[in-house]
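Summarising the annotation, TrEMBL assigns domain 'Major facilitator superfamily (MFS) profile' to 1-432. Annotation source TrEMBL lists region 'Disordered' at 1-24. Residues or ranges marked as transmembrane segment by TrEMBL: 66-86, 98-118, 124-143, 245-268, 280-300, 312-335, 341-361, 382-400, 406-426.
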């Protein structure tokens, strides 16, 4: 009820309209909804492509473990080679334009593969080259969209915005592999790649509807590319807790990328799964990521951002052991192919919850910590440091699997991931709570 004046002749004074409880219903949410829609389609395209391109290499080109490592390394090499410079470039450019071009480049690059297969000229070097181009476009897209979000929503809405984007990513992780796997099973991996290309093009169309006009960067503040890159990297290095987050993510990605490079090959050759079963296992497993995305705000409110960052990855480590344990069970007949699907799905579900809780909490913490003019460089510096280990891990995983086999390599990779948790586990983050989160 509004406040009423004691003067009977005066009109009631209305209360200010309450702020909408949901970002999606808030006036500022219009452009966010467009970003969310475009990113959702892009995430779906990414998940389909991330499965069907390796399936193409395994089922059509009979790739070896080392070749799968090279392919996976090519997908993430851009973060090592261009990661630092990408942030400075994104801070100089229109982030909306970067998002549009990033998706269009991925659409065109992926379309090359089914065309090459149709023409009879498909080869592993071509697949690796396309994977590298897609990786470069993904680098710029990811840096731009994480840096774009704070300009579309207020600081106090960032956690909600990141959670909604993560829900989209998690839904894509659930549906994308299943769709990709069964598409590859029904129409073949080359045509499944074409579906991913079309989806990237559709995402660009949705993102083009964002009406927000970004203020142009101040030309007077622009310095040499080297100086801007150094400033972003220096900012990351000077923050003690940010250093620990970067260390944990870098080491975890080193081990995780070795597993990721070999997972499709392992599932097909060691567990005897079909393309559809691989997609189903990964899709069901990714339901954990969706559960994490839906619950992350409640968990962060209960534990605090800091403690969530410190503890989130522990359950995923335990679940990760199920993956290499499945092979000997299949070999002895204790586990059939349906059972192997269940094991992979269960492991992926718990791992998905862990990764989503960790990522939403640490990304939101980084966004709150960083001044707006530095967001692109900060995000790129972090991605250089944490994703730059991924091509190294993928290559090492491929080399090691050639020498000692797939299953022992998966155990080594899990041990590396366990080491990665230590920097945040033994830090002030673990002692913080909802009212005592470290102040950025």
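Glycine too: its Cβ is placed from the backbone N, Cα and C atoms.
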The transmembrane segment (341-361) and the transmembrane segment (382-400) contact flag, 3+ Cβ pairs under 8 angstroms:
no
Taking residues 6+ outside the transmembrane segment (406-426), which of them lie with a CB under 8 Å of any CB in it?
65, 244-245, 247-256, 258-259, 262, 265-266, 269-270, 309-311, 313-314, 317, 320-321, 323-324, 327-328, 393, 397, 400
On average, what pLDDT score does this prediction assign to the domain 'Major facilitator superfamily (MFS) profile' (1-432)?
84
